[in-house]
Amino acid sequence: MRWISRPGWPGHLLALAAGALTPLALAPFDYWPLAILSIALLYLGLRGLPGKSALWRGWWYGFGAFGAGTSWIYVSIHDYGAASVPLASLLMLGFTAGVAFFFALPAWLWARCLRRDNAPLGDALAFAALWLALELFRSWFLTGFPWLYAGYSQLQGPLAGLVPVGGVWLSSFVIALSAALLVNLPRLFPHGASLLLGLVLLLGPWAAGLYLKGHAWTHSAGEPLRVVAIQGNIAQELKWDPNQVRAQLDLYRDLSLPQQDVDLIVWPETAVPILQDMASGYLGAMGQVADEKNAALITGVPVRERLTDGKSRYFNGITVVGEGAGTYLKQKLVPFGEYVPLQDLLRGLIAFFDLPMSDFARGPADQPLLKAKGYEIAPYICYEVVYPEFAAALAAQSQVLLTVSNDTWFGTSIGPLQHLQMAQMRALESGRWMIRATNNGVTGLIDPYGRIVRQIPQFQQGILRGEVIPMQGLTPYLQYRVWPLAGLAGVLLLWALLGRQLRPQERRLFG
């Protein structure tokens, strides 16, 4: 098995296969032990490699992970971006090759500066710290791409109890640490004290996760809210067709009018497919309907801001009418879907760079939350719910979470189910109920433990009825966010860096 840790194609191909295991640990497959196996194979494959070989080993791992785990991007480019099969394949390969460097560069850094082959415990801790740093970096760099985090595999796994303590980040850290420790255990057997400490580090977090699973970190802030969520199941090719606007508005109105004994009526992202000011009469009428029901209606709608120079800016928004108030403008935009980077160069080249409603501006930071039925509601539009720190900042001010989305862009791929899993993790991290309304699925209600308690199947028109309980109190993660864990990771990485620079006789302090 030494070939695994040697330069060359056999090890690279194994890294490719190991990376491709990543999505199998996540929704919709949920074979969570594969997350540990995948990372363990990468860790083993990097052992002893020089920097350049480690860089390519990490790149092949990343290519496998993103190639398999974000294959739904091809659906968006080909099916809805009108790109030919060769062009869509080329763009998908280019994207995958680029994001694979998220793993390549840390692998190079690991080999050149941090790896300590003669200190199995310290090496495992430093590797887990580097893995956490990688996931944090991915959530920030170039607006972020926080997809395929290892920690999502533990949504309902043994580590779920740790998620309210340290978020998905803590789950990822423990998985990476466990993977490295399992690889290094045989090297610890001759050393009793080190073996004992290694077993504590390996088993302790899993035992703590099981012990805390189901612990109630938050409590009720009032009576349950009766919720109706509408899933319109509008085909994407009809979504922005001007001839279909009236039919869509009528559909959501007609599905909502009969609803009685309701507090919140929720429509999906851009359920109103025209600008808010153009739909003012319609929204005003629906607000009156909501008032008559003693309810609030919350819907996605694009928003126009007229500027003093005669130009306008456009936002992806959510607004409340009836017994509530507020309009929220989306802050985390999807590249190419909601805005086009370098648009002066790319606009007009292919249809994918000219999708409908792909010229949104970013909403301002520090917007007030939505208000409905006397409660503060944290809003997330589509992609925003996948950012743990961003979501936590809003959740800490709220009693209920709300996310609206249109995952029609991803067809029947695994993308919408991965997206749903990340939304569930936000509910678990915050200890709050979440309402999720989507155009074609999955619309559902999620409890504070990340469990779906009501849902409408994908690709069906439907009406979901249920209750959510406003919650108060802060989980440890909402209180302290990722900072304690990031600080620990920083100390571990500095420890590894210093330990590597010392002479052999001085390394015992850092071993």
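Placed from the backbone N, Cα and C atoms, the Cβ positions cover glycine too.
What you are looking at is a predicted structure, and each value in this text was computed from that prediction instead of being measured.
Residues or ranges marked as active site, proton acceptor by Swiss-Prot on the basis of sequence analysis: Glu269. The annotation active site is assigned in Swiss-Prot to Lys330 on the grounds of sequence analysis. Sequence annotations record features per position, and here Swiss-Prot assigns active site, nucleophile to Cys382. Swiss-Prot lists 230-470 with the feature domain 'CN hydrolase'. Here Swiss-Prot flags 7-29, 58-78, 90-110, 125-145, 163-183, 192-212, 482-502 as transmembrane segment, drawing on sequence analysis.
Taken as a whole, the domain 'CN hydrolase' (230-470) shows an average pLDDT of 94 in this prediction. Sequence-distant neighbours of Cys382 (active site, nucleophile): residues of the same chain at least 6 apart with a C-beta under 8 Å from its C-beta are Glu269, Asn316, Lys330, Val334, Thr403, Val404, Ser405, Asn406, Asp407.
For the transmembrane segment (58-78), the most Cβ-contacting stretch among 90-110, 163-183, 482-502 is 90-110 (pairs under 8 Å). Two recorded stretches are said to be in contact when at least 3 C-beta pairs lie under 8 angstroms, sequence spacing 6 or more; the transmembrane segment (125-145) and the transmembrane segment (7-29) fall short of this definition. Most buried of the active-site residues Glu269, Lys330, judged by other Cβ atoms within 10 Å, is Lys330. Counting same-chain residues at least six beyond the ends of the transmembrane segment (192-212), those with a Cβ under 8 angstroms from any Cβ of the stretch are 120-121, 124-125, 154, 157-162, 164-165, 174, 177-178, 181-182, 184-185.
The highest tally of CB pairs under 8 A with the transmembrane segment (163-183), across 7-29, 90-110, 482-502, is held by 482-502. Residues 113-116, 119, 122-123, 125-126, 128-130, 132-133, 136, 166-167, 169-170, 173, 388-389, 509-511 of the same chain, all 6+ positions outside the transmembrane segment (482-502), place their C-beta atoms under 8 angstroms from a C-beta of that stretch.
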